[in-house]
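What TrEMBL says about this protein:
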| type | residues | note |
| --- | --- | --- |
| DOMAIN | 52-300 | domain 'Orn/DAP/Arg decarboxylase 2 N-terminal' |
| MOD_RES | Lys71 | N6-(pyridoxal phosphate)lysine |
| ACT_SITE | Cys372 | active site, proton donor |
Amino acid sequence: MAENTQVQLVPKQASAPLNRFATPLDVKNLVAQYGTPLYLVDEDTLHAKARELQRAYSKFKGPVKVAYSIKANFSPAIVRAFMKDGLTFDLTSLGELHFIRQCKADPENVIYTSVTEEPEEYVEVLRSGVRRIVVSSHKGMMNLALAAGKVGVRPLTMIRVNPEVATDAKVRASYKNGKFGVPFNGGTIDSATKMVKYLMGSDLLKFEGFHFHLGSQITDFSCYTHALDKMDAFMTKMKKEYPNFQVNTFDIGGGTPVFYNDPVPTPAEMAQNHLVRLNQLAETHGVFTLMIESGRFLVAESSILVSRIVNTKEYNEHKIVIVDAGYHILLDAALLKQEYPQEVIPVVDSQDRTTGLATPAAKNTHLAGRLCDTYDVFPLSKASDMSGADVGNYVSFYNVGAYSVVFNMPFHCQTKPPVVMKDSDGKYRLVRKGTTYEQLFVEEGGDIA
Ligand SMILES: Cc1ncc(COP(=O)(O)O)c(C=O)c1O
């Protein structure tokens with residue numbers, strides 16, 4: 001972990017309100033129709049988040065593009081919603097490209113950042129009309145050049161830099177000798193210095209700019225400050241070596257945080273940390289398009305997972321509440337110990353007979369999933385309310401739109417829950433069917449004799 005772990009900006013809100021876009025009555029009706037577990041998505045929240053992120057950087061001197069990192073949630077319904085906002089799509093695999101093409105998004109609005117960077121992969125990407133590619137290694141860049149020659153186009157090529165700054169985040173992507181990007185000068189061909197040199201003299205690839213991604217759920221923004229200072233120094237050095245060196249696009253990656261357990265700074269507060277530096281960069285090195293990537297922030301608050309309490313047991317002042325969800329549909333609860341805010345939605349009469357109030361939460365309530373696995377216990381958020389946690393009632397998990405649906409897995413022969421979207425006109429519509437045991441059996445080869 002980085003030593004510099006102080007949160008720089010104190011968030012103004014004491015706590016973030018939960019997005020209860022579905023009323024308890026809506027939840028009851030939808031569960032009656034689709035059962036539990038059930039994901040609910042709110043389209044208006046998606047649009048609101050896109051606007052909020054765009055607004056946060058509106059004081060930047062040049063054009064600003066917000067790119068949705070579809071790895072966070074590749075639901076076609078969500079992709080189509082963001083197409084209405086004119087977002088760019090940040091893709092990282094041919095599978096994601098397939099989804100974007102099926103949704104008929106404009107390839108002009110795609111930035112492709114691969115980890116594998118294979119020649120055939122790049123051929124397919126270029127043939128699809130995508131022109132903005134981020135390369136993360138020297139070999140990857142040469143593969144792109146090969147593909148460009150084959151397809152007969154000259155893609156706009158950005159270099160993914162690993163600024164090697166300490167990042168205090170739930171998921172870190174910038175650290176010394178890390179997997180992502182190249183250092184400024186690593187002493188081998190896998191360095192930004194050598195890659196700029198190649199690009200400045202290449203007829204196959206056109207140098208477009210730089211990209212870095214520091215991590216996810218970042219609340220200490222000093223890593224951006226350090227990374228931008230390093231970028232500034234590097235760009236000054238490159239300009240001295242290549243008089244026609246010009247950055248057209250500068251992409252500062254993702255990381256905008258989301259409320260789970262503790263209040264987090266808003267995108268505006270985050271932007272405030274680095275807008276002065278970004279504007280200085282534009283003044284010193286010429287105006288560029290600023291790209292902001294985001295997965296988590298754009299989708300997390302749009303979604304609720306509704307589960308049903310199927311069992312409870314009590315001993316030694318501990319109450320174990322078992323729901324029909326599990327980490328197979330909310331992986332980060334186990335992987336990152338993510339504290340999704342939870343709330344009981346009462347459906348059965350769970351009034352305490354003496355007080356007339358909902359059964360108060362036991363002193364030590366443990367919310368457990370349905371899997372036969374030790375890690376299948378959901379950490380409670382400070383915002384969670386477990387009063388009324390009795391069999392038959394529902395438990396809603398909030399802010400689950402990012403990195404959950406995409407991780408659905410069949411551990412213990414579990415099926416995928418349906419996804420229902422509340423459209424901007426207020427109507428609910430099924431956007432993903434749930435799967436059945438029979439489908440899973442066939443998928444696993446059960447029909448192959
Ligand atoms: C290159 C890149 N950009 C953007 C993101 C999105 O990050 P976040 O969801 O924190 O906004 C990721 C996440 O892994 C990423 O790898």
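Along the chain as shown, the residues are counted starting at 1.
Even glycines carry a Cβ here, placed using N, Cα and C.
Please treat TrEMBL annotations as automatic predictions, because they have not gone through curation.
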Cβ neighbours of Cys372 (active site, proton donor) where a neighbour is any other Cβ within 10 Å: 9
Alpha-carbon spacing, Cys372 (active site, proton donor) to the residue listed as 'N6-(pyridoxal phosphate)lysine', which is rounded to whole Å: 28
Average model confidence [pLDDT] within the domain 'Orn/DAP/Arg decarboxylase 2 N-terminal' (52-300): 96
Neighbour tally for the residue listed as 'N6-(pyridoxal phosphate)lysine', based on other Cβ positions within 10 Å of its Cβ: 17
